[in-house]
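Here is what Swiss-Prot records for this protein:
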DISULFID  CYS101-CYS188  disulfide bond
CARBOHYD  ASN175  N-linked glycosylation site
TOPO_DOM  1-31  topological domain 'Extracellular'
TOPO_DOM  53-65  topological domain 'Cytoplasmic'
TOPO_DOM  87-109  topological domain 'Extracellular'
TOPO_DOM  131-150  topological domain 'Cytoplasmic'
TOPO_DOM  172-203  topological domain 'Extracellular'
TOPO_DOM  225-254  topological domain 'Cytoplasmic'
TOPO_DOM  276-285  topological domain 'Extracellular'
TOPO_DOM  307-319  topological domain 'Cytoplasmic'
TRANSMEM  32-52  transmembrane segment
TRANSMEM  66-86  transmembrane segment
TRANSMEM  110-130  transmembrane segment
TRANSMEM  151-171  transmembrane segment
TRANSMEM  204-224  transmembrane segment
TRANSMEM  255-275  transmembrane segment
TRANSMEM  286-306  transmembrane segment
Amino acid sequence: MNEILFFSPQPLFSHMMNENSRVHTHSNLRHIFFSEIGIGISGNSFLLLFHILKFIHGHRSRLSDLPIGLLSLIHLLMLLVMAFIATDIFISWRGWDDIICKFLVYLYRVLRGLSLCTTSMLSVLQAIILSPRSSCLAKFKRKSLHHISCAILFLSVLYMLIGSQLLVSIIATPNLTTNDFIYVTQSCSILPLSYVMQSMFSTLLVIRDVFLISLMVLSTWYMVALLCRHRKKTQHLQGISLSPKTSPKQRATQTLLMLMSFFVLMTIYDTIVSCSRTMFLNDPTSYNMQIFVVHIYATVSPFVFMSTEKHIVNCLRSV
């Protein structure tokens with residue numbers, strides 16, 4: 001009996017240490033995530049305001065201005081919705097009903113889909129802008145913005161239809177302990193659908209992601225090839241010993257290439273982790289890490305786009 005009393009505190013102490021470590025990690029993730037959300041909301045608000053003022057004052061706009069302004073609006077709304085959802089992830093309210101859960105999660109997933117569609121179309125548009133006059137893409141320059149806008153609208157409606165299964169599967173977390181539900185927030189969970197329905201919707205989402213990412217990869221590869229060809233031609237004309245200056249259009253393209261590459265990696269990471277959570281792992285800590293990582297693009301992108309705007313750069317340098 002004495003041996004039992006002597007050794008029994010050890011598992012309890014270990015459990016308390018693990019629990020304290022988990023709470024500490026959760027608290028750190030909460031502070032980091034809300035800081036990320038705050039920075040992203042500020043950056044996208046500033047970028048959106050810049051494009052609105054640019055339009056009101058009648059400045060000459062580029063073909064990419066409308067998609068970039070639309071992307072900043074989408075990211076602003078997405079981060080605002082995510083900030084509201086995150087309060088129920090990191091702060092245990094458990095006060096949402098089915099309607100609130102369905103509305104917020106579905107709206108967030110639609111905005112995520114719009115972000116993917118707009119980013120992909122922006123990559124294609126930049127490839128069209130950069131294409132030389134002799135290219136077969138040159139004929140799309142005049143009507144490219146109209147085509148891109150129609151494509152974004154079509155893909156958005158298509159994704160809203162595909163994502164409508166969330167209106168059925170998202171429910172308020174019941175007051176019972178079960179491993180069948182997939183964690184979303186403290187108040188909301190995903191009710192697993194039948195194997196056939198889950199496979200069908202997952203296949204449609206994978207097809208959509210593969211199609212849009214393939215467009216981004218192809219347009220990125222095309223832009224890299226054009227930049228390399230232009231650089232070789234410039235070096236041949238000016239001499240290899242001289243380093244040719246990069247034009248503003250090329251600098252903007254190079255910046256966009258880095259941003260697109262990062263976005264593709266984040267999308268692939270999100271897809272892999274989401275599938276693993278659905279099939280194998282339902283761990284809230286890994287889920288919190290996932291939502292932090294996948295929002296880096298929405299947080300960083302407005303500052304990257306602003307770095308290519310000469311008016312903003314000159315204004316900041318004069319301060």
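Positions of Cβ are set from backbone N, Cα and C atoms, glycine also.
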Confidence over the topological domain 'Cytoplasmic' (131-150), expressed as mean pLDDT on the 0 to 100 scale, is 70
If you count CB pairs under 8 A between the transmembrane segment (204-224) and each of 32-52, 110-130, 151-171, 255-275, 286-306, the winner is 110-130
Inquiry  = Check for me, if you would, whether the transmembrane segment (32-52) reaches the transmembrane segment (151-171) - at least 3 Cβ pairs under 8 Å, residues 6 or more apart in sequence.
reply    = no
Same-chain residues at least 6 beyond the ends of the topological domain 'Extracellular' (87-109) with a Cβ under 8 Å from one of its Cβ atoms are 26, 29-30, 33-34, 78, 81, 163-164, 166-167, 170-173, 184-188, 288, 291
Its residues classified by DSSP, the topological domain 'Cytoplasmic' (53-65) shows 5 helix, 0 strand, 8 coil
Note: in the chain of CYS101 (disulfide bond), residues six or more apart in sequence with C-beta under 8 angstroms of its C-beta are ILE170, ILE171, ALA172, VAL184, THR185, SER187, CYS188
All chains considered, the count of other Cβ atoms within 10 Å of the Cβ of CYS188 (disulfide bond) is 25
